[in-house]
Amino acid sequence: MKAKSRTIVVRRAPGSATRGVLSAGALRVPCAIGRTGTTIFKREGDGATPVASMRLMSAWHRSGRMVRPRARLPIRRVRPGVDLWCDAPAHPAYNRHVRAPFSASAESLARADRLYDFVVVLDWNITARARHRGSAIFLHIARDGYPPTEGCVAVAPRDMLRLAPLLAPGTRLIVQR
């Protein structure tokens with residue numbers, strides 16, 4: 001018998017375009033979403049979180065900065081100064097992990113802040129990739145007070161640890177309007 005797939009649902013919080021509620025089973029936690037809210041027409045740099053059903057693909061962990069969550073996804077160790085994510089729409093590696101040195105525009109996975117201490121790669125514009133449709137759409141750690149993201153979904157560190165056991169192959173994160 002095939003195992004039932006899990007879902008994580010993100011809904012906008014009442015009265016806010018940039019905050020949401022993330023639900024997974026009995027777990028309900030606040031989250032931050034994009035600075036321009038949600039959209040069905042995601043574009044690179046628009047600051048919106050895509051309304052979509054996205055597979056959880058893999059995760060990255062920055063050792064020494066937070067306890068390694070007990071997710072069942074493949075987890076790779078972030079190497080400072082090495083691991084980057086390409087956000088250059090014209091580059092063949094657009095919306096992919098790349099390694100430094102890298103000549104095109106790319107974001108470091110080893111951020112000075114703690115947002116990417118644990119980051120889950122969502123299947124937004126990765127499997128079926130198109131230029132300018134958005135890159136680096138992740139589930140990651142939120143800043144204190146849940147200010148908006150650039151298009152990702154972000155939760156508090158303690159909530160990421162609580163959510164981690166549900167982060168498995170076959171799980172989908174669904175962002176609703």
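Each Cβ is built from the backbone N, Cα and C atoms, and glycine gets one as well.
A TrEMBL annotation is a machine prediction, not a hand-curated record.
Since this is a predicted model, take the numbers as computed values, not measurements.
Residues or ranges marked as domain 'L,D-TPase catalytic' by TrEMBL: 1-176.
If you look up TrEMBL, you'll see H140 marked as active site, proton donor/acceptor. Around H140 (active site, proton donor/acceptor), the same-chain residues at least 6 positions away in sequence with a Cβ under 8 Å from its Cβ are L115, Y116, F118, V119, V120, T149, C152, V153, A154.
Positions annotated as active site, nucleophile by TrEMBL: C152. In three-state terms derived from DSSP, C152 (active site, nucleophile) belongs to neither a helical nor a strand segment and is classed as coil.
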Per-region confidence, the domain 'L,D-TPase catalytic' (1-176) (mean pLDDT, whole number): 96
Cβ atoms near C152 (active site, nucleophile) (within 10 Å, other residues, all chains): 24
